[in-house]
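**Student:** Dumping what TrEMBL says about this protein:
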| type | residues | note |
| --- | --- | --- |
| ACT_SITE | HIS178 | active site, proton donor |
| ACT_SITE | GLU309 | active site, proton acceptor |
| BINDING | ASN83, ARG84, HIS178, ALA179, TYR180, ASP245 | beta-D-galactose binding site |
| COMPBIAS | 317-342 | compositional bias 'Basic and acidic residues' |
| REGION | 312-342 | region 'Disordered' |
Amino acid sequence: MAEVKRENFGHMPMEDGGGEVEKFVLQSDSVRVEILSLGCIIAALETRDRAKQFADIVLGFDTLEGYTRKHPFFGAVVGRVANRIAKGKFTMDGKEYQLFLNNGPNSLHGGARGFDKVLWSPQILPNGVCFYRLSPDGEEGYPGELKVWVTYTLNGSELAINYRAQTSKKTPISLTNHAYFNLAGQGSPDIYDHEISIEADSYLPVDDTKIPTGEVAAVQGTGFDLRQPVQLGKHLKQFHLDGFDHNFCLPLGRARRLVARAHHPPSGRTMEVHTTQPGLQFYTGNNLDGSLKGKGAATYPKHSAFCLETQNWPDAVNKEPERDRRGDTDLDLRGETDRDLR
């Protein structure tokens, strides 16, 4: 059973609505995780290497001020819709909705003030914490009043994230956590010595604004074939890739299953991702540029971390074949993702 502690982390600026931000510390024998009531942010995740030494393996900031400034969604729950919606538009029940454009011509991760930038109401559980918020009808342009619960639980080396939502109207929803990982420890310069595998036979090619083209492409014979572990640095060079920022199409089915594995041979750390979701966005920190000062005054250059974001397919609300096959949001949506850290 994990130990759960509650601490004050600071107060939001008045221009952001004010309010106390709390930090919840979940600790087992092998893992320690810090989660904020702001954006349900995973602010720290400490796990042991083969020498039993702990290190923090997620990017972030030491103080609240870092999280209230612009940053690339470090550790946060994003929504209502994770990833991109083309031109910030979709039509539902014959009505067109226009969202805020915050990623070139597209809407990204919920818009200007998505779920990552708001305070959530916490409830402590025996081995974790449940966060709740009510997203009003019309927030960021989305229809329907949406009740959302995000629950973190820690059991041994397994950190589970469960998402649940209820809406008063038909609305798109796709929730994920946007933690940036470096299994060598946050602040390490790159992830080139990491070994990555993803259980996906296909992926979604994208246009120059990162919107899926509509094609579901086989990974066989391409640089996107990660079904067997690859060393990331060598793989990027071999296939002349600048990095990954793509959705991998996971096997059909509602059951939770192993979908990805990351291993860092020098430290011996391994992370497995299990999920019920249909897609996995693999992102290799291509837009990190070293300009942000992170924990312990660390800088975060390009390719200094990776994300494995379990979610629905990007722009699914505008892709009829994908939506029909994969399913949209019902009145009661549940999703679950586990990360097993060893």
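Every residue, even glycine, has its Cβ placed from backbone N, Cα and C.
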**Student:** Check each residue in the chain of ALA179 (beta-D-galactose binding site) that is at least six apart in sequence and keep those whose C-beta is under 8 Å from its C-beta; list them in sequence order.
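**Tutor:** Looking at Cβ-Cβ distances below 8 Å from ALA179 (beta-D-galactose binding site), excluding near sequence neighbours, one finds ILE42, LEU45, VAL58, LEU59, PHE74, GLY75, CYS307.
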**Student:** Can you check which residue among the recorded positions ASN83, HIS178, ASP245, GLU309 has the largest number of Cβ atoms within 10 Å of its own?
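**Tutor:** Result of the Cβ crowding comparison: ASN83.
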**Student:** Which whole number of Å gives the largest C-alpha distance between any two of ASN83, ARG84, HIS178, ALA179, TYR180, ASP245, the residues noted as binding beta-D-galactose?
**Tutor:** 18
**Student:** Looking only at Cβ atoms, how many others are within 10 Å of the one on TYR180 (beta-D-galactose binding site)?
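**Tutor:** Result for TYR180 (beta-D-galactose binding site): 25 other Cβ atoms within 10 Å.
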**Student:** Please report the number of other Cβ atoms within 10 Å of the Cβ of ARG84 (beta-D-galactose binding site).
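**Tutor:** There are 24 of them.
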**Student:** Find the one among the recorded positions ASN83, ARG84, HIS178, TYR180, ASP245 whose C-alpha lies closest to that of GLU309 (active site, proton acceptor).
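**Tutor:** Among ASN83, ARG84, HIS178, TYR180, ASP245, HIS178.
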